[in-house]
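Residues or ranges marked as domain 'PDEase' by TrEMBL: 138-460. Annotation comment: TrEMBL describes His214, Asn215, Ala216, Val217, His218, Asp255, Asp364, Gln415 as AMP binding site. Annotation source TrEMBL lists active site, proton donor at His214. The feature Zn(2+) 1 binding site is assigned by TrEMBL to His218, His254, Asp255, Asp364. Under the heading Zn(2+) 2 binding site, TrEMBL lists Asp255. The annotation region 'Disordered' is assigned in TrEMBL to 450-491. Among the features that TrEMBL reports, compositional bias 'Basic and acidic residues' is placed at 452-472. The compositional bias 'Polar residues' annotation in TrEMBL covers 473-483.
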Amino acid sequence: MEVCYQLPVLPLDRPVPKHVLSRRGAISFSSSSSLFGGPAPRQLSKRRGAISYDSEDQTALYIRMLDVRVRSQVGFEPERRGSHPYLYVDFRTLHSRPEAAWPVSARNVRRLLSFQRYLHSSRFFHGIPASNPLGYILDDDFTGQAKLMLQKVGNWNFDIFLFDRLTNGNSLVNLTFHLFNTYGLIELFQLDMVKLRRFLVMIQEDYRCQNPYHNAVHAADVTQAMYCYLQEPKLAETLTSCDLLLGLLAAATHDLDHPGVNQPFLIKTDHYLAALYKNSSVLENHHWKSAVGLLRESDLLSHLPTEDRLNMEERLGSLILATDISRQNDYLSEFRTHLDKGDLCLTNGGHRHFILQMALKCADICNPCRPWKLSKQWSEKVTEEFFHQGDIERKHNLEVTPLCDRQSNSVANIQIGFMAYVVEPLFVEWSRFSNTRLSQTMMSHLSLNKHGWKEGRDKQEVSSSRASEEQRTPPTKDSNSKVLPQGSKGS
């Protein structure tokens, strides 16, 4: 049977089957183009790859483009999705000779061919019976050390950097698949393992690896932290299977396709995403719509009733939107009010969803609550990303965001402020809600890490002041010293 992921290895002079063209995601095309009786190409020029440019068209969900490089009638080539206009593509050029087309994006060839190699190499697809069909997928992908680490995936000291190295950069795929298997979600929701695998691979690929912080490793770290919170007694006793599924999905996709800059940067540069989402939770809306697009492309939930599927997509969006740091005080005030009144009832679906939101918020910014060895690495990575944005702003004569100015800030100052004004207030309330050993451990690490940054900052300030004093003070001459003439020897 011919399936869509085989398309990139077909000769370009071979006619593309109609059933392949009809599958969204198999090739970059618009079903509303003039070849299919739709509007003229010029009417499509406002489309921007992943998201519609039209600010009123918020129902357009992440049209995937696999970067099949063909010459458009407008004279441009669409590169990475989301970064160039969605231009008209003449599919008749696909039937011409290879020299008439440009090479396929290496990024997507790697994605599709690796998935194809996986299908052909897995014993699961060779008809070998097994009492546990998941075992073959796990055996093929997990090294012995990675397996040992996954046995302690619920440990707060879990080293996601080491796990990412052991899995050859596939920490998000392997960790999330393992957690789905641990909770039995594959059987409960009758998920197709191949579709799930493909979905997770696409998620990992759509995180931008050039981002120092907002990348797939961060998503894997947040997913692992979310699992730790889901294991807390209050949650473990009350959450439903649907809650668990959505919690893990939201953690894995909460920063999907993050551009490595913040919302104010997108607004002041008139980015099309800011226009699309009307300057409100711009990045979070983009992450959500991107996640829904991958869910639909992979058909992971296509077997569920339409009403249930749409409801899950909306709840997924509600969780991801809660990670908007600009709305931190709103969620924190509501959380504090519930705790003061003592009216949280986790048998209530609305209250459970709110706690999932708070858990995801905690997981998203929990780095200062990790052991110093891990926390310090994350602090350096996020600051590097901040400073990179500041460098871009300075280069293009834009107002430099204070937090992103490397000339007036340091890693220590940024982290101390972040811990004091953002992290600590949130985790104090979470500890009130779930006063467990894990909460006590997180608060202990937070205190130690804050002290560590303050101590390092103080030492740096002392050394800097000494250096400046030495530069200002001229060297003193010894009046008793004598200058010997050249060639003479002292007695």
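Cβ from N, Cα, C; glycine included.
Here the features listed in TrEMBL are painted onto the structure.
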{"residue": "His214", "record": "AMP binding site", "Cβ contacts under 8 Å, 6 or more apart": "Tyr207, Arg208, Asp255, His258, Gly260, Glu385"}
{"residue": "Asn215", "record": "AMP binding site", "Cβ contacts under 8 Å, 6 or more apart": "Tyr207, Arg208, Cys209, His258"}
{"residue": "Ala216", "record": "AMP binding site", "Cβ contacts under 8 Å, 6 or more apart": "Gly169, Ser171, Leu172, Ile203, Gln204, Tyr207, Cys209"}
{"residue": "Val217", "record": "AMP binding site", "Cβ contacts under 8 Å, 6 or more apart": "Ile160, Phe161, Asp164, Ser171, Leu172"}
{"residue": "His218", "record": "AMP binding site", "Cβ contacts under 8 Å, 6 or more apart": "Tyr207, Asp255, Trp378"}
{"residue": "His254", "record": "Zn(2+) 1 binding site", "Cβ contacts under 8 Å, 6 or more apart": "Ala219, Val222, His287, Leu319, Ile320, Thr323, Leu360, Asp364"}
{"residue": "Gln415", "record": "AMP binding site", "Cβ contacts under 8 Å, 6 or more apart": "Pro368, Ser379, Thr383, Asn449, Lys450, Trp453"}
Number of Cβ atoms other than its own within 10 Å, given for Asp364 (AMP binding site): 23
8 Å Cβ shell about His218, His254, Asp255, Asp364 centroid, Zn(2+) 1 site members excluded: His214, Ala219, Val222, Ala251, His258, Thr323
Helix, strand and coil totals (DSSP H, G, I; E, B; other) for the compositional bias 'Basic and acidic residues' (452-472): 21 helix, 0 strand, 0 coil
Taken over the domain 'PDEase' (138-460), the model's mean pLDDT: 96
